[in-house]
Amino acid sequence: MLKVLIPTIMLFPTIWLTSPKWLWTTTTAHSLLIALTSLTWLKWTSETGWTSANTYLATDPLSTPLLVLTCWLLPLMILASQNHINPGPISRQRTYIMLLTSLQTFLIMAFGATEIIMFYIMFEATLIPTLIIITRWGNQTERLNAGAYFLFYTLAGSLPLLVALLLLQQSAGTLSMLVLQYSQPLQLNPWGHTIWWAGCLIAFLVKMPLYGVHLWLPKAHVEAPVAGSMVLAAVLLKLGGYGMMRMMVMLDPLSKELAYPFIILALWGIIMTGSICLRQTDLKSLIAYSSVGHMGLVAGGILIQTPWGFSGAIILMIAHGLASSALFCLANTTYERTHSRTMVLARGLQVIFPLTAVWWFTANLANLALPPLPNLMGELMIITTLFSWSPWTILLTGLGTLITASYSLYMFLMSQRGPTPNHITGLQPFHTREHLLITLHLIPIILLVTKPELMWGWCY
């Protein structure tokens, strides 16, 4: 753990001491080295499943893929932000990169923590850099509103979790994930136990977000700068799924009855958010709503607690993190040229940027789950396991995949096809930086086709 965590912490002095001319180059190179180092976690040879440096930080097959995704994303965020942060004063650029790095530090400690209370503290700590990034570097004045929504939704959800964890600590005597799986379940009266169950999960369901408590997500995504959107879609939503998977192990036997309303909301959310996507005019908002739908599928897969559901959930989380982040980068490249997120204003871009149209096409196909890609593997495992739980779910999930395909097609046709309006024929060409950025998103997705057992989680 420390061979990645300490270089990440050493990025802070690097950021503040580098000469202004080399700031972006140095930080990108440094974070890319950290990302490559993090790939060594994928060996996973131990028998208990946990590979630990000490009793507080450890990796296991569930957290390793998410940790590697976190480390992989930092150089990409720095690459993506280069263009629109560069004009500002140098100290502001340094602060921005420092916030992104602190976010990675918190996330590594959240995914690597073995104590649930440490996971909780880091889960809350990621709120602060994200909030600053959204409310300081967002594009419009509405960013303050978006930041308030983001903060209060997440906080209102996660304060009951703290109480639930303290209650668990008092009853079980420990909060270490290594020990808790062997401890006795809580002995509470039925009503209190129900509330405790809800308290343990609602924080993560708000973070995921579950349909119904998802309103902060489109706002936050639309207002955030590109790095904020990328890290929000790729890793912060996955914190919710990861926390749910960790807590579900302890929440038996109640989950069998109590999970019903949440599964219903998740499945209904797939259809509802998909239909909302079909009517969107705003590009970033469309991608944000599509992530709500995908995360609904993940929530359904986790809540029914089958090995297939868990595996499918983690595969879909990793694959969606890469695909969704790539889509946000592409949306941002269009935004930096046309200065508008409205899809109607920038259409027919395939004629001007042919290679970018290929990137759009590939990222869209990844998002709608094209057969060899891991997105399909995750979705199919979850749909299958939901079908064996109750055959009626196939109506909702099948309709959901259909709607996903149609809004992806709508997004691609709207932005890339059709006549090119006269006002966008003079756009500046794409930079190598942007092509590299999208390539680095899509290569891991394509490589995971060849070795998917890296992200099958516990049940491999």
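Using N, Cα and C of the backbone, Cβ positions are placed for all residues, glycine too.
Taken straight from TrEMBL:
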- 1-110: domain 'NADH:ubiquinone oxidoreductase chain 4 N-terminal' (DOMAIN)
- 113-404: domain 'NADH:quinone oxidoreductase/Mrp antiporter transmembrane' (DOMAIN)
- 21-42: transmembrane segment (TRANSMEM)
- 62-81: transmembrane segment (TRANSMEM)
- 93-111: transmembrane segment (TRANSMEM)
- 117-134: transmembrane segment (TRANSMEM)
- 146-168: transmembrane segment (TRANSMEM)
- 195-217: transmembrane segment (TRANSMEM)
- 224-243: transmembrane segment (TRANSMEM)
- 258-279: transmembrane segment (TRANSMEM)
- 286-304: transmembrane segment (TRANSMEM)
- 310-330: transmembrane segment (TRANSMEM)
- 351-370: transmembrane segment (TRANSMEM)
- 390-413: transmembrane segment (TRANSMEM)
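Taking Cβ pairs closer than 8 Å, the transmembrane segment (310-330) reaches residues 62, 65-66, 69, 73, 76, 80, 221, 226, 229-230, 233-235, 237-238, 241-242, 245, 284, 287, 290-291, 294-295, 297-298, 301-302, 356, 359-360, 363-364, 366-367, 373-375, 377-382, 384-385, 434, 437-438, 441-442, 444-445, 448, 452, 455-460 in its own chain, all 6 or more past its ends. Only residues 6 or more beyond the boundaries of the transmembrane segment (351-370), in the same chain, are considered here, and those with a CB under 8 A from a CB of the stretch are 290, 319-320, 322-324, 326-327, 330, 333, 376, 379-380, 401, 404-405, 408-409, 411-412, 415-416, 420, 424-425, 427, 429-430, 434-435, 438, 441-442, 445. Here the transmembrane segment (286-304) sits apart from the transmembrane segment (117-134); fewer than 3 CB pairs are under 8 Å, leaving out pairs fewer than 6 apart in sequence. Packing against the transmembrane segment (146-168) from elsewhere in the chain are residues 116-117, 120, 123-124, 127, 130-131, 134-135, 138, 175, 180, 186, 196, 198-200, 202-207, 209, 213, 215-216, 219-220, 222-224, 250: each is 6 or more residues past its ends and has a CB under 8 Å from a CB in it. Counted as Cβ pairs under 8 Å, contacts with the transmembrane segment (258-279) are highest for 390-413 among 117-134, 195-217, 390-413. Secondary structure by DSSP for the domain 'NADH:ubiquinone oxidoreductase chain 4 N-terminal' (1-110): 83 helix, 5 strand, 22 coil. Remote same-chain partners of the transmembrane segment (195-217), defined as residues 6 or more beyond its termini with a Cβ less than 8 Å from a stretch Cβ, comprise 123, 146, 149-150, 153-154, 156-158, 160-161, 163-165, 167-168, 186, 188, 232, 236-237, 239-241, 243-244, 247, 250-251, 254-255, 258, 262, 265-266, 268-270, 272-273, 288, 291-292, 295-296, 298-299. Mean model confidence for the domain 'NADH:ubiquinone oxidoreductase chain 4 N-terminal' (1-110) is a pLDDT of 92.
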